[in-house]
Amino acid sequence: MSTNAIAVLRGDTVSGIIRFKQDKEGLPTTVTGEVKGLTPGLHGFHIHQYGDTTNGCISAGPHFNPYNKTHGDRTDEIRHVGDLGNIEAGADGTAHISISDQHIQLLGPNSIIGRSIVVHADQDDLGKGVGAKKDESLKTGNAGARVACGIVAIGAAS
């Protein structure tokens, strides 16, 4: 039996619903959903450490990084567990999400249930920033302000 989770994203002008599904511990987790109200283009998309939104999305803390690695792309070998790359909003401000990720888990000791998912204002540079932006790139991907977030909660069986 698979495990399901859901996050309802809220921000000043951005909202969405993200669903997670994992069939068995150690297998990839599928992430699907829709985010509305974004500016057209790419936006950083990450799992953050805490499921705390008491002070808006800033309370979510840093990217979920249980192995103490540097920031990277979703497909990179070296990355935070919470690094999910970018989502792309079309001209209507809507991003449709459909990914499978081996690193985020709903089951086991590094489960993302109870943590938060955050959409950022800017494109994530995927840890490839240079010059004055390099240090921040290796932590956050220079993805900018947090425009929406939600807590990853246990979802109903599908």
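Backbone N, Cα and C atoms are what each Cβ position is placed from, and that goes for glycine too.
Copied over from Swiss-Prot:
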- HIS46, HIS48, HIS63, HIS120: Cu cation binding site (BINDING)
- HIS63, HIS71, HIS80, ASP83: Zn(2+) binding site (BINDING)
- CYS57-CYS149: disulfide bond (DISULFID)
HIS120 (Cu cation binding site) and CYS149 (disulfide bond), compared by Cα position, are separated in whole Å by 9
Per the 10 Å Cα distance test against HIS46 (Cu cation binding site), the recorded positions CYS57, HIS80, ASP83 reduce to HIS80, ASP83
Apart from the site residues HIS46, HIS48, HIS63, HIS120, the 8 Å Cβ neighbourhood of the Cu cation centroid comprises GLY44, PHE45, ILE47, ALA60, PRO62, PHE64, GLY82, ASP83, ILE117, VAL118, THR140, ALA143, ARG146
Spacing of the two Cα atoms, CYS149 (disulfide bond) and HIS80 (Zn(2+) binding site), in whole angstrom, works out to 18
Argmin Cα dist to CYS57 (disulfide bond) over the binding-site residues HIS48, HIS63, HIS71, HIS80, ASP83 returns HIS48
Excluding HIS63, HIS71, HIS80, ASP83 themselves, the Zn(2+) site's Cβ centre has within 8 Å the residues HIS46, PHE64, ASN65, LYS69, THR70, GLY72, ARG79, VAL81, GLY82, GLY127, LYS139, THR140, GLY141
The answer, for which of the disulfide-bonded residues CYS57, CYS149 has its Cβ ringed by the most other Cβ atoms inside 10 Å, is CYS149
Students should find that the Cα atoms of ASP83 (Zn(2+) binding site) and HIS48 (Cu cation binding site) sit apart, in Å rounded to an integer, by 9
Rounded Cα distance in angstrom between HIS80 (Zn(2+) binding site) and HIS63 (Cu cation binding site) is 7
Using a 10 Å radius on the Cβ of HIS120 (Cu cation binding site), the other Cβ atoms enclosed count 25
Cα-Cα, HIS63 (Cu cation binding site) versus HIS71 (Zn(2+) binding site), nearest Å, comes out at 9
Sequence-ordered list of residues in the chain of HIS48 (Cu cation binding site) that lie 6 or more positions away and have a Cβ within less than 8 Å of its Cβ, or none, is ALA60, GLY61, PRO62, HIS63, PHE64, GLY82, ARG115, SER116, ILE117, VAL118, CYS149
Quick note, HIS71 (Zn(2+) binding site): same-chain residues at least 6 apart with CB under 8 Å of its CB -> HIS63, ARG79, HIS80, ASP83, LEU126, GLY127, SER137, LEU138, LYS139, THR140, GLY141
